[in-house]
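**Student:** Supplied in structure tokens, the structure appears directly below.
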Amino acid sequence: MKKAIESYWRGERSAYQVRRTLVAERRAVFETLREAGLSSVPCNDFSLYDQMLDTLVMVGAVPERHQGLFAGENADLETYFAMARGTAEVAPLEMTKWFDTNYHYLVPELGPDTTFALHPDQPVAEYRQARTLGLQARPVLIGPVTFLRLAKPAPGVDPGFDPMSLLERLLPVYEQMLTRLAAEGVAWVQLDEPALVQDQPRAVLDATAVALARLGGLATRPKLLVATYFGPAGEALAVLREAPVDGVGLDFTGPAVTNARDLATIGGLPGKRLVAGVVDGRNVWAADLRRQLDLLTTLQGLAEEVVVSTSCSLLHVPLDLEAETQLDPDLRRWFAFARQKTREVVTLARGITAGTTTIRDALQASDAVLRHRAGSPITRDPAVRDRVDAVTAADTHRPSAYPERAGAQARRLALPALPTTTIGSFPQTQALRSARARYRRGELDEAGYVQRMRAEVQHVIRLQEALGLDVLVHGEPERNDMVQYFAEQLAGFVTTRHGWVQSYGTRYVRPPVVVGDVSRPAPMTVGWTRYAQSLTGKPVKGMLTGPVTMLCWSFVRDDQPLEETAQQVALALRDEVADLEAAGTAVIQVDEPALREGLPLRAADRAAYLGWATRAFRLATSGVRDDTQIHTHMCYAEFGEILSAVVDLDTDVLSVEAARSHMAVAGDLSRAGYPSGVGPGVYDIHSPRVPGRPEITGLLRQALEHVPAGRLWVNPDCGLKTRDEPEVRASLANLVAAAGSLR
Ligand code: GLN
Ligand code: ZN
């Protein structure tokens, strides 16, 4: 699908061909699920770009700016992609994280004048296709509450506008959809309401009750399943229990296993079907079949009927473990990807309905895998454990406070006021990517590869010197990805060959997996940094990915608290920081762009997360001398709830995204008492636009209203890897000139 859609965008394939591919892929998925033996197969979950966008189309909420742009038979498809990606003239919808996953959805824009109208085509078409294959599929719709809770006020609308106020107007569209699906012969419809696992105000829970009463009260409708996932349903459980719907989906994995206790407390779901998400849909571990079977047995008393399921859609895990032929077969048994998870669901259901003896072999195999995993030296490395146990509070504190460190660093680095730097990466050209690929395939030997990368480092150093930047970087040409690069070198991580997971639209990432105790067998970046430093008299920044980001962008262990894994990663990075320092690196940046997205969905869990996350960062970075300068980088401008945690990181310099929000972050940090250096990004690296010198000077003047000149740094918003060299040259030349004129 990715290839079909992208070639359509390039004009190499017709809309007809894209639709053919969609239909063929959908058919393959339906058939796979049927062959796996699922008794109920979902549909309407096969998107050309994003399911929220599909829902927006279904309810007829296309923003005005995207309407009427196209004519002809492909107008709908073109409009769809215009909302997703924008056009030369019109901005796309904003994209943001789907709950606490790494998937991004498109944010509906609504206002008091928004009207809705039903466009039932996609759910109906998918249902009909499944029916031609002999399947009675279950259309999945994002529910009205989640749709509205994830929407935002349209541009130009009062920012205080609450999309939930449109519920009354939206419900008739859902009613029509359900009536329409009933007429098609649909037996069950699934309404996804993951918003119910977040803290919702009473008014939203009440509105949910009203909405479900309306939809459930329809005279002619399919049976309704309301699905929640990504955590415990909490207070929403009682609402779901009382609602006139036929089924409720709950997550029973990880901490959400408390749903079982809460369900018992409220007296279960009398008269309803419980869809029990006992197979983890978000992580890659093989299920503990025996434990999940026990759980299912206890759940059986709590509803009229229990159906076995994954905890959420399988969008967030890779497709098929069978493809990972390079993984050690012993290790491979520890995992289950989407296809394997489907089988686990079917096995558990058989165990429940036909008795445990019918799945004896599967249970024994599952026991053996768990025993093997628990007893493996990969899982428990005594040296790592001892080291974590020996960590003291002193290890998470720099020896001196910022003012003293700043003095020592100023003497060592002798930087001008408003020092200029970049965030790390320089353009990742096609030539670099293909050199890495050739090296991986064995077509380029190690020496040839190193030579090629060194040539690039040299080029980037010369470029920065010519531009007159003050603190240089080596450009990261050797890194495929800021997490994978380290995961490949750390013990305790494995990477996959085909484990692609959708990030947004046609973009996919391949998250590494933390399989066991993490340690660093050998230095990871020191050689490159030392080489870069050997080429110049200016300081070269060492460049690492922080412990929280390493975890947020990987699949994590399910057999110990995240905090413990974070400490292990932090200690491995601490060694790297120490080696960089010993190699003469005076400035070390530890990126934590994922600190904010790791924030738990429920407010009650956030303080604990921020506590261990900041401790892990400090454990990684506090072992250095006063005159070694620690930087961190984050790619967002609104810190909100994490502001005080950011102050707690106790870095010497923080670079952040700020250009698009007019430097507001500088004021936020100063109001929070942020004491040290700050580099609010002065230009947006997401755009090919070259910022002019006056524009940058203006932004810096704004920043100077909040940050004293002695602490202000000058840098772009983020790394430059997606830009091309002429843009980078022109933009950085203006950046350096702007800093110079202000000095
Ligand atoms: N150092 C990384 C780079 O410059 C940071 C990337 C990021 O913040 N996401 O690419
Ligand atoms: Zn960034």
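Positions of Cβ are set from backbone N, Cα and C atoms, glycine also.
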**Student:** Which candidate from Glu476, Glu478, Glu641 does TrEMBL annotate alongside Ile423, Gly424, Ser425, Asp591 at the L-methionine binding site?
**Tutor:** Glu476
**Student:** Report the candidate from Lys97, Lys152, Lys223 that shares the 5-methyltetrahydropteroyltri-L-glutamate site with Trp553, Glu597, as recorded in TrEMBL.
**Tutor:** Lys97
**Student:** Quick one: among the recorded positions Lys97, His633, His686, which has the most Cβ atoms sitting within 10 Å of its own Cβ?
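**Tutor:** Going through Lys97, His633, His686 one by one, the largest Cβ count within 10 Å is at His633.
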**Student:** List those of the binding-site residues Ile423, Ser425, Asp591, Glu597, His633, Cys718 whose Cβ lies under 6 Å from any atom of ligand 1, in sequence order, or write none if there are none.
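**Tutor:** Close enough to ligand 1 are Ile423, Ser425, Asp591, His633, Cys718.
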**Student:** Rounded to the nearest Å, what's the C-alpha distance separating Glu657 (Zn(2+) binding site) and His686 (active site, proton donor)? Just drop the number here, would you?
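**Tutor:** Cα to Cα, Glu657 (Zn(2+) binding site) and His686 (active site, proton donor) are separated by 11 Å.
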**Student:** Cβ under 6 Å from ligand 2: which of the recorded positions Ser425, Cys635, His686 qualify?
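**Tutor:** Cys635, in sequence order.
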**Student:** What are the other residues, in sequence order, whose C-beta lies within 8 angstroms of the center of the C-beta atoms of Lys97, Trp553, Glu597 at the 5-methyltetrahydropteroyltri-L-glutamate site?
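**Tutor:** Not counting the recorded site residues, we get Asp100, Thr101, Asn102, Cys552, Ala594, Gly598.
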**Student:** So what's the average pLDDT for the domain 'Cobalamin-independent methionine synthase MetE N-terminal' (1-301)?
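**Tutor:** That stretch averages a pLDDT of 97.
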**Student:** In whole Å, how far is Ile423 (L-methionine binding site) from Cys718 (Zn(2+) binding site) when you measure between their Cα atoms?
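**Tutor:** Computed Cα spacing between Cys718 (Zn(2+) binding site) and Ile423 (L-methionine binding site) is 5 Å.
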**Student:** By a simple count of other Cβ atoms within 10 Å, which of Glu476, Asp591, Glu597, Glu657, the binding-site residues in the record, is least packed?
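**Tutor:** Each of the binding-site residues Glu476, Asp591, Glu597, Glu657 was scored by Cβ atoms within 10 Å; lowest is Glu597.
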**Student:** Compared by Cα position, which of the binding-site residues Ser425, Glu476, Trp553 is the closest one to His633 (Zn(2+) binding site)?
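**Tutor:** Result for His633 (Zn(2+) binding site): the nearest of the binding-site residues is Ser425.
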